[in-house]
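> Sharing the record's features from Swiss-Prot:
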ACT_SITE  K97  active site, schiff-base intermediate with DXP
BINDING   G158, A184, G185, N206, T207  1-deoxy-D-xylulose 5-phosphate binding site
Amino acid sequence: MKEVFSVGGKELTSRLLIGSGKYSTNKLIPAILDASGSQVITMAMRRVDTEFTEENILNYIPSDCVLMPNTSGARNAQEAIRIARLARAAGCGDWVKIEVISDNRYLLPDNYETIRATEVLTAEGFQVFPYMSPDLMVAKELERVGAAAVMPLGAPIGSNRGLQTRELVRILIEEISLPVIVDAGIGRPSEAAEAMEMGAAAVLVNTAVATAKDPVAMARAFGLAVEAGRTAYLAGPGATQQVARASSPLTGFLREE
């Protein structure tokens, strides 16, 4: 029986979240979700056509998949709040990933505007998942204002550079009670497994899958990696040692005459 991941008022059996951007065609989305086992998909509200034309991304997302609209494009809290409300009005539910980015070079999140948006939206009944630069005091404040989880970046968005912030993420995992979902920059399944082995609650990937030579196969690889990393974390990896420790006896095998 699979372990249940309870977050945002829902119970999931997969700890891999999938992004919906950068695919060569939206028609890949059902196969990506099926191969990865993911039950949650994020999408930018600007890609949701409320007229429900053929290009509406919602046409390609299975009905049993949890929607996590994001506020991509928001430059401050007010814009993020407006996008979240539009998503709810469009029938996308109460989950929302807050992205507030005013830095156009590195696309780093504005933690302080993110806190402001989170506080307003949680008061309105949203399940808020804030994308953030990993900072313990910011994470604690997001917890205080009611975030459902925190989503620290592993590396800049779309960089595929891996878990560059591992020590800062590790601190969040150890010090706050909210689920920590590593988001952005994860480029290889091995990096997703590492995040899960550290104790992350889940991982969100997009670019690593969308830009792979075979996106469906890569989605499957990420699903397996996240599951393996979680299993390893629960198994309790052995302590590291500074010196060698033999796994077999070194004495008593050959008797001296």
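Each residue, glycine too, has its Cβ placed from N, Cα and C.
On a predicted model such as this, the values are computed, not experimentally measured, just so you know.
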> Over all pairs in G158, A184, G185, N206, T207, the listed 1-deoxy-D-xylulose 5-phosphate binding residues, work out the largest Cα-Cα distance in Å.
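Farthest Cα pair among residues binding 1-deoxy-D-xylulose 5-phosphate: 9 Å.
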> Enumerate same-chain residues with a sequence separation of six or more from T207 (1-deoxy-D-xylulose 5-phosphate binding site) and a Cβ-Cβ distance below 8 A; give 'none' if the list is empty.
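When sequence neighbours closer than 6 are ignored, T207 (1-deoxy-D-xylulose 5-phosphate binding site) has G19, G21, K22, I157, G158, S159, N160, G187 within Cβ distance under 8 Å.
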> Identify all same-chain residues not among G158, A184, G185, N206, T207 whose C-beta atom falls within 8 angstroms of the centroid of the 1-deoxy-D-xylulose 5-phosphate site's C-beta atoms; report them in sequence order.
G19, A155, P156, I157, S159, N160, D183, I186, G187, V205, A208
> Whole-number Å only: compute the distance from the Cα of G185 (1-deoxy-D-xylulose 5-phosphate binding site) to the Cα of K97 (active site, schiff-base intermediate with DXP).
16
> Reduce the DSSP letter at G185 (1-deoxy-D-xylulose 5-phosphate binding site) to three states and note it down.
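DSSP assigns G185 (1-deoxy-D-xylulose 5-phosphate binding site) to coil.
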> Compute the C-alpha separation of N206 (1-deoxy-D-xylulose 5-phosphate binding site) from K97 (active site, schiff-base intermediate with DXP), stating it in Å without decimals.
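The Cα atom of N206 (1-deoxy-D-xylulose 5-phosphate binding site) is 14 Å away from the Cα atom of K97 (active site, schiff-base intermediate with DXP).
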> To the nearest whole angstrom, what is the C-alpha distance linking A184 (1-deoxy-D-xylulose 5-phosphate binding site) and K97 (active site, schiff-base intermediate with DXP)?
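Taking the Cα atoms only, A184 (1-deoxy-D-xylulose 5-phosphate binding site) lies 13 Å from K97 (active site, schiff-base intermediate with DXP).
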> Which one of the binding-site residues (G158, G185) has its C-beta surrounded by the most other C-beta atoms within 10 angstroms?
G185
> Within 10 Å of the Cβ of N206 (1-deoxy-D-xylulose 5-phosphate binding site), how many other Cβ atoms are there?
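Its Cβ shell of radius 10 Å holds 22 other Cβ atoms.
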> Give the three-state DSSP assignment (helix, strand or coil) for T207 (1-deoxy-D-xylulose 5-phosphate binding site).
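In three-state terms, T207 (1-deoxy-D-xylulose 5-phosphate binding site) counts as helix.
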> What does DSSP call G158 (1-deoxy-D-xylulose 5-phosphate binding site) in the simple three-state scheme?
coil
> Sorted by position, what residues of the same chain at least six away from the residue listed as 'active site, schiff-base intermediate with DXP' have a C-beta under 8 A from it?
T42, M68, P69, N70, T71, F129, P130, Y131, M151
> What number of additional C-beta atoms lies within 10 angstroms of the C-beta atom of A184 (1-deoxy-D-xylulose 5-phosphate binding site)?
26
